[in-house]
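Down below is the structure, laid out as structure tokens.
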Amino acid sequence: MEGSVQREAVDQRQAYAKYFPIEIPFLLYQFSEHFYRLLYQQYFFQQLSKEALEGDLGVLNTSITRQCLTQSYVANYTGDEEFVQLQERVNRLNMYSELTFLGFSLLVGLVLGPLSDIVGRKPIMLTAVVGLCLTALLQFAIIHFSLNVYYYLLCSLFFGASGGFATVMTVIVATVHDVTPNNSKAFTIRIGIVESCIAIAKATTSIATNDWIQKTNCNFEPPAWLMITITALAMITVILMPESLSKKVRLHNQELSNRGFNKIVTGIKLYVMPSYIGCKNYLILWTATIIICLASLGLGASYSIMNYFLHNEPLQWTYDRIGTYGAIYSAAMGVSLIVLLPILVFLRLSIYYISLIGAIAAVVTNILIANISSKSTSEMFVLGIFQGLLILVYPTIRSCIAEVVGPERQGSAFSIATSCQVVAGMASIVASNEIYHPQVSSHANAGIVFWIMAGAWSLTIPLILLLAFKDKLCKNKSALFEAEKKSYGAAIQ
């Protein structure tokens, strides 16, 4: 009797974990992350522009300090050469903040990701959200007390040291696998929904944040308060989130001695020891990870310089229009993941061909953006819509990784895969900022960045085809083996 009650309780917990919308805490986390990034980008430009004007004019009058400074206004008072230097300074500070956040996220994620296979997904997720709350509070203090903009690097440090994107993405993907075992279609669709949270958060924050800041004359305190509220809601949802990793699996992953350390290096073993998961799976794992890295090289560069590219020559868009573009682009990503991906999966289209659609769309749109002209405003919006298809690469390739590493090594595997993704993103941020230098009269060097992004995406195409070929070959061998087995059985009878 007692055993049946315990089994019923376990079944109820598993059902709760399976149907709990883990997308909600992830969406709130992504809201805060994108909100934070947009906020400091605008804040850096406004504060450094005011410092530049104060240096040139000798004093800033009250009317200037209470309004949003525009590109043309600052350029008129400082001159083209000094304005370019100002934008480069803003760009570098953005890069430092991003690299600080991603760097610490990478290092911490390598530890917390594998540990989620031992202590569970929920404690690790809660750690990341607590760090996000501290980041939001520190950000408000910097804005409220008008501290030096370089204090924002402390925010990025808190954000990354608590786990950041690398840890949260690892935990969420592992959680999805926990509740959809042995079902690659369900896993791919659920990961697509999870990935769409990033697009939804980016779409809403892009247009809302820019519009709100402009309408409040660049008063950054209300948006900072909103971020604190969102992080508090994220913490509540994580507290309510059930533990998806069963106690049986957690106990299996524990040992009395140094199992914790061994679990941390499990991810490394997966990537350096072919015999650990078999040569075939080892090749698939590495190929899939390289595809994610190449995709992140292209996507990271786009995120890094797109706002500056749209703001300068040849388009010279206002921040309102840039926010609208960001919302449309992100909405296209969301539709691709929530609507198009499930349709393609139910039509039984191979996940590799779904990935191929995203990769080809990325190559074509980046080439066209590289050759955009000042009269191509509507064309740029159309390109943004089609470029949203590139996001199809991520859930499908993550599905490949989840399938080859086994259920007990999800956290370990995805901690390495996500960390590689972060490293690729960091490399693209540094490279794109070194290549792209905003100029008032020329945008040729910006075009070079988009050509490089197209090149990175084009390298994913043969790798995806390699995975598709290998998968088809394995299925043919399996079918042949089954046919021979049946034929042999019939002959014996």
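Placement of Cβ uses the backbone N, Cα and C atoms for every residue, glycine included.
According to TrEMBL, the protein carries these features:
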- 93-112: transmembrane segment (TRANSMEM)
- 124-143: transmembrane segment (TRANSMEM)
- 149-175: transmembrane segment (TRANSMEM)
- 224-241: transmembrane segment (TRANSMEM)
- 283-306: transmembrane segment (TRANSMEM)
- 326-347: transmembrane segment (TRANSMEM)
- 354-374: transmembrane segment (TRANSMEM)
- 380-401: transmembrane segment (TRANSMEM)
- 413-436: transmembrane segment (TRANSMEM)
- 448-469: transmembrane segment (TRANSMEM)
Residues of the same chain, at least six outside the transmembrane segment (283-306), with any C-beta under 8 angstroms of its C-beta?
94-95, 98, 270-271, 277, 326, 355, 359, 362, 366, 390, 393-394, 397-398, 400-401, 404-405, 413, 416-417, 420-429, 431-433, 436, 446, 449-450, 452-454, 456-457, 459-460, 463-464, 466-467, 470
With CB pairs under 8 Å as the measure, which of the listed stretches 149-175, 224-241, 380-401, 448-469 comes out on top against the transmembrane segment (326-347)?
380-401
Is it true that the transmembrane segment (124-143) and the transmembrane segment (448-469) have 3 or more Cβ pairs under 8 Å, skipping pairs fewer than 6 apart in sequence?
no
Can you tell me which parts of the same chain pack against the transmembrane segment (354-374), counting only residues 6+ beyond its ends and a CB-CB cutoff under 8 A?
291, 295, 298, 302, 313-316, 336, 341, 344-345, 380, 383, 386-387, 389-393, 396-397, 447-451, 453-454, 457-458, 460-461, 464-465, 468
